[in-house]
């Protein structure tokens, strides 16, 4: 697709993407197992066509949207974003997708909606990891409406100019580049507009460690990992750590969303 | 089951062979990490593999006594080798964490103090140091009966090592619990219930 937007263009120019192999072989997608290579090994069995997304809640046009129908309405563009996992590793990924705001506008967000909730496919016969209670399935995530409408927030359909591989969340996933990776929910089948903060999977599993916001913040430590620095995937056995950037380097674009909010309490 | 011939065959296996076979994976894994065989994030992969091997050799070491008592399988001659190989993997695991993973000295200290799974893992390591240092004939002779008591530190160390793994898992994961269960079982088998003791 054409390169559009204009946002984050300055950063894009200096970002050097990881390789296809790195992005597609090192994944967290617990529906296929907790090992980093499990998704690449087992996600192939997930049926991604046909694919439908149910959009419901406080929208004017609730209903089931086919993946092809969504694509026909959206303009795809490339976004090269930093991707920072809460486990303190990171990548740079060239995504193709469209702004989530465009999809939400298609559904028609009603007055009073404050949050957007997302759900991942739950199909145990194709997702071996869901046979174990690692998390309370299906995987759920959520954003505040203004975060969802921010132009940086996209629904990705591809990487490196190719359709998303299953292990990366085919055929349609969220990408919120200033938040830890687990917020960028994969293989989305349901989007709900609501006026209540929606329950989110990792927050439900361990609220002390995973907040609703989960913005990348080098000053707020995760109880198990320091978030001050990160290791970029692909540097080999002697790779050096690099400092983590506030809001993963998107401070100029998103800091205003959190004005007046205590980020150590709302982590 | 008569294991006399198995036991005499095991006794004839030289210790150096156990050390070589036990430690070969350490070198092999490091080589794989250097050459891309451990995937795109070799540091974490190496750290985890060394940690798992340490736990596996710990379990093997703890299994020697129950194996003799309940199965008649005699591996006592090789228990020292198994224990020292376990300790070598603990050291490898720790060195990868210190030198390749965290790298930043101030963060290492903060991690030990602030992160329970690291505190617990470090405690397990510290308990194992005197055991490794005294795993030789001279120490056994010098310490006499105290040697046996000292080496019972391996029990709390094993529990802490298993707890270290359980605490670092994200979500509810079964594998670390299996290691914990194995270690608990091997420790429980050592509890002598007086009424069941046979003369």
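Backbone N, Cα and C atoms are what each Cβ position is placed from, and that goes for glycine too.
Feature list (source: TrEMBL):
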- B:16-33: transmembrane segment (TRANSMEM)
- B:53-71: transmembrane segment (TRANSMEM)
- B:53-161: domain 'Ferric oxidoreductase' (DOMAIN)
- B:83-104: transmembrane segment (TRANSMEM)
- B:116-133: transmembrane segment (TRANSMEM)
- B:153-171: transmembrane segment (TRANSMEM)
- B:177-193: transmembrane segment (TRANSMEM)
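Nonlocal intrachain contacts for the transmembrane segment (B:16-33), taken as residues 6+ away from its ends with a CB within less than 8 angstroms of a stretch CB, comprise 42-43, 45-46, 49-50, 53, 57, 78, 81-82, 84-85, 88-89, 92. Away from its own ends, the transmembrane segment (B:177-193) comes close to residues 55, 58-59, 62-63, 65-66, 69-70, 155, 158-159, 161-163, 165-166 of its chain (Cβ-Cβ under 8 Å, at least six residues beyond either end).
Remark: secondary structure over the domain 'Ferric oxidoreductase' (B:53-161) totals 96 helix, 0 strand, 13 coil, with classes taken from DSSP.
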